[in-house]
Amino acid sequence: MGIRATPYSIPKYKYSQSSKQVYMLFFPEQLTPKAVIHLVRILYVDTVSGVIIETPLIPVHASEVQVIDLQGGILSPGFIDIQINGCFGFDYSSAFNDKQDKQSFLKAYNESMGQLLEYGVTSICPTVTSSQQHVYHDVIPILGLKTRSSNKADSLGVHLEGPFISPIKKGCHPPEAITDMKHGYISLQERYGQGFEQYAAIVTAAPEVQGCSEIIPQLTTNSPTVFSIGHTMADFDLALSAVHSGATMITHLYNAMPAHTARDVGVLGLISATKDTLPSDKIPFYGIIADGVHVHPSAVRAAYMANPSKTILVTDALYLIGLEDGHYQRGNQSVQKKGSLLLLQGTDTIAGSATHLIDCVHNLIKWTGIPLAEALATITNNPATSLNIAHRKGFLRPGCDADLNILSADGTLKEVYKLGQKIHGFKSKAAN
């Protein structure tokens, strides 16, 4: 028995002609994220193309196929983090000045992407916070180059968080880098560089910034780039207008935006807008940092319950994730790390997160009481759908990359596969 047919066709020339190069994964319990597998117990993976297939092209004989029995465990698509600023000592917003610096940047970047696999994170949107022009021009063509690798996490395109944001809700973004769009689309091209759209998966900006309302439809209509509302003082009406113009996402819900009140619901009001105001299919996706620091557990629960299929867990991790506690320098800013808490030195301003994505999932389960399978959808199905790549990432169905995680029933990460290749040297990651 194989995966049931899907509406789209799969070109057969992409796949191996040998059953010896096919994995057959057997899972006796239906515990994968909802809506990704429908009463199917066998998943076929072609290890040459690295893609999930409907059935092998030739008859499968048990002696010729590697069978992986999940033994009652959970099979999940690889995890996707659409907002991560760096990891393991590498900052995605780092500038470089010469060829040697560029080579060092590339080396550190590739190493960090490899290390992410140890935590089941198989795809990300490397995130660049508000920076000067030369930084964007240096890093966007590198971070935004969409990759497909068997030994490191893939880039789905860069997430440009800023610099077109509210100075009032800048968070830890350097104020000297913040600007407006008074010259319209040219402002984006000058700051990010000509042709940035081919590299940008997400642009986060504040709708009230001068010129922003005009560029939203231009950006989202002419490119695959997603416009996300964030770091903003926008009220509900302005945020709603941005959605009608093409915004389909909210960046780190609750953080860097006005608080929700009884009469002024602000950006937060979008996630539970009435149908006469906003059709349910137009409600934007929203990232939320479930690290126990950025957002109160009760607020995380309320946001998830409002619209589970639009909830996306993100880490918003700074490069300090994976490093020891202490004081670190980021540009002109000093950051103090204590566990998962990162603060700008001498302030109570949160400077990012140091919590891994799987730990955010465990927090969501603890705070909402939902099953692990449903929680996993927030880091697989939902982010893939939000970026319009559900045909190739984030789901267990034919045509999607075989980026796979095997977890025990308690959420311990046991094995990781990238494009059908097992990641060796992987150490089991227990639930915190």
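The backbone N, Cα and C atoms fix where each Cβ goes, and this holds for glycine too.
Binding of Zn(2+) is annotated in TrEMBL for Glu161, His231; the matching candidate from His183, His252 at the same site is His252. TrEMBL annotates Cys172, Asn255, Ala256, Arg263, Ile350, Ala351, Gly352 as substrate-binding residues; of His137, His294, His296, the candidate listed for that same site is His294. In the three-state DSSP reading, Gly352 (substrate binding site) counts as strand. For His231 (Zn(2+) binding site), none of the binding-site residues have C-alpha atoms inside a 10 Å radius of its own C-alpha, out of Arg263, Ala351, Gly352. Candidate binding-site residues: Glu161, Arg263, His294, Gly352. Nearest to Asp316 (active site, proton donor/acceptor) by Cα distance: Gly352.
Every protein chain shown contributes to the tally, and the Cβ of Glu161 (Zn(2+) binding site) ends up with 29 other Cβ atoms within 10 Å. Residues Glu161, His231, His252 make up the record's Zn(2+) site, and a Cβ search at 8 Å around their centroid adds Gln83, Thr129, Gly162, Ile165, Gly171, Thr204, Ser228, Gly230, Thr251, Asn255, Ala256, Asp316 from the same chain.
In this view, His231 (Zn(2+) binding site) is surrounded by 29 other Cβ atoms within 10 Å of its Cβ, with every protein chain counted.
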